[in-house]
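Novice: Input: one structure, supplied below.
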């Protein structure tokens, strides 16, 4: 990649377009232009083409139609590095919160018996269909997440994953603990850091938008135990944890464990 | 044989939509706006969920106007539980809302619309020749974003707005910083009006039957909150009656529904606000409105761009006024206790792109019913009619030219396609 411009594609599946907006709103993007060629990015470039080859493909959104299944497969074929961007692409997004209901039931609630010529699916993360090389977490990701990832890719290196929770950053900022001191259901203990504990910094409990800490150390069980002690039911705990983690394969099993074991 | 003219993915709009124009020897046969963004079922997934948690996810309907979704959902929820926020909290929420509108208008005008007029395929390519404009765009966007950072926690998906008030208010020094930056941004907004006054308004889309709908602002000052809806045909109705007057239908080529008033399409947005409420403007924006009245044409959707430029000036001035009032009352208490009583509430506000409806029923602290209608869903029917009008005048032109003009018509509405897809119980 050294002397040539890096070819970038930004692709949208079903989403709010917030990750792209965050990317487009960075003043730093102007400095990037000398080093990059935008092959596809419909939100800003009219001359976009999903069929072009790229070095880095950023994918925002959850896979929510049959057409999007085909699109992610095509992107994988044309891209050297595939980056899943944001809560929808990495975890299925808030639209997965309704995962426990049947798609047909959701459809009926919103559209009634009406027929639309496209085929909807229940929202799923990109990884369900293709290999993803790197993930940017958040709803939306922080600007520094983009800068760090791009910066390392541009020098031919690889960004590291964050393997500690929001609590670490919250403690470093010296915030009072919303979970312990105020008794609110804060998801900071299990959520990937990197936001500088943005919401707890505003006295608002974390809702887990950056997804659960990886490496099999997402302490859904110990946090569920803490919530249980504070009087939350199993359903309430699952609901809250599923806002952004509905597709996490470990969640139900770990929360169930707390309730099966009894007091 | 005629090959349909299609734009598979309209660029420089929020969300995924396409245009399909079918012609024959006689002219235009069919025009469709295909909304291909997948469904997200926001109402359905929040039913049965805790009110606070549902309120945390409603802004995720859309990134360009997440603060609008947050604040409208919040007002509907507070009405439902019978809580009225103190006036100073109400003002600060309006300030947050203005941050959203300032950012959204600046991005739309400079980054999404302007490249078409200057002959570019993307705004970044304009940097060499139009450095000043790009810098102005970024500066205006930044001041809107900063309001949202300080009052909402961030520019996209604000968490710092909660039932009863705010999690935490900005410091006095932060308000003063915002005030200073808004003052600096004001001349840039005035420049935007001048710049957009020179752009062509496409005569082909002159629709004398056009009806505009906007909120009747509270306290008789041009703004985004109101309890009545005003229609340009002279009719008014309380927000609670929205279902009688904004009638939604599912169409086959779209995951988003179309909306009708008295059986006909109608428009919402900046131009609709000006058509209905220009007499409530004040300050520099009022002067500019008087000066450029001829460009603010009710019967041409392209006037929406210019109306947004006037609003940029207005909302910057009004933001400064709200900050002055807040500092005069300092210190302001950030939050009051609320009690989650059962009830039903409707809020309709002016999102950057026009009317945004939230109707929520709360039962045992949970959402029992939810209905959301977004500005773009309301505009889709009339947008399609105006793309058709453009096509009827240009169907014999070079297809590339027609495609561009059709896209520009859509972009004039500043559609938020993600927003429009989700939707309502029938």
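The first residue you see is number 1, and the count goes up from there.
Cβ atoms are placed via backbone N, Cα and C, with glycine included.
Automated prediction, rather than curation, is the source of TrEMBL annotations.
From a predicted model like this one, the values you see are computed outputs, not experimental measurements.
Here's the feature list from TrEMBL:
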type    : residues                 : note
BINDING : B:43, B:62, B:372, B:422 : Mg(2+) binding site
BINDING : B:65, B:416              : Ni(2+) binding site
BINDING : B:65, B:419              : Fe cation binding site
Novice: So of all those binding-site residues, B:43, B:62, B:372, which one's Cα sits nearest to residue B:416 (Ni(2+) binding site)?
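Specialist: So, of the listed binding-site residues, the one sitting closest to residue B:416 (Ni(2+) binding site) is B:62.
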Novice: Tell me the Cα distance separating residue B:65 (Ni(2+) binding site) from residue B:43 (Mg(2+) binding site), rounded to the nearest angstrom.
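Specialist: So the alpha carbons of residue B:43 (Mg(2+) binding site) and residue B:65 (Ni(2+) binding site) sit roughly 18 Å from each other.
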Novice: May I ask for the distance between residue B:372 (Mg(2+) binding site) and residue B:65 (Ni(2+) binding site), taken between their Cα atoms and rounded to an integer number of Å?
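Specialist: The separation of the Cα atoms works out to 14 Å.
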Novice: Name the residue among the binding-site residues B:62, B:65, B:372 whose Cβ has the smallest number of other Cβ atoms within 10 Å.
Specialist: B:372
Novice: If you run the three-state DSSP split on residue B:372 (Mg(2+) binding site), which class comes out?
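Specialist: Strand, per DSSP.
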Novice: Of these binding-site residues, B:43, B:416, which scores lowest on Cβ atoms within 10 Å?
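Specialist: Result for the binding-site residues B:43, B:416: minimum number of other Cβ atoms within 10 Å at B:43.
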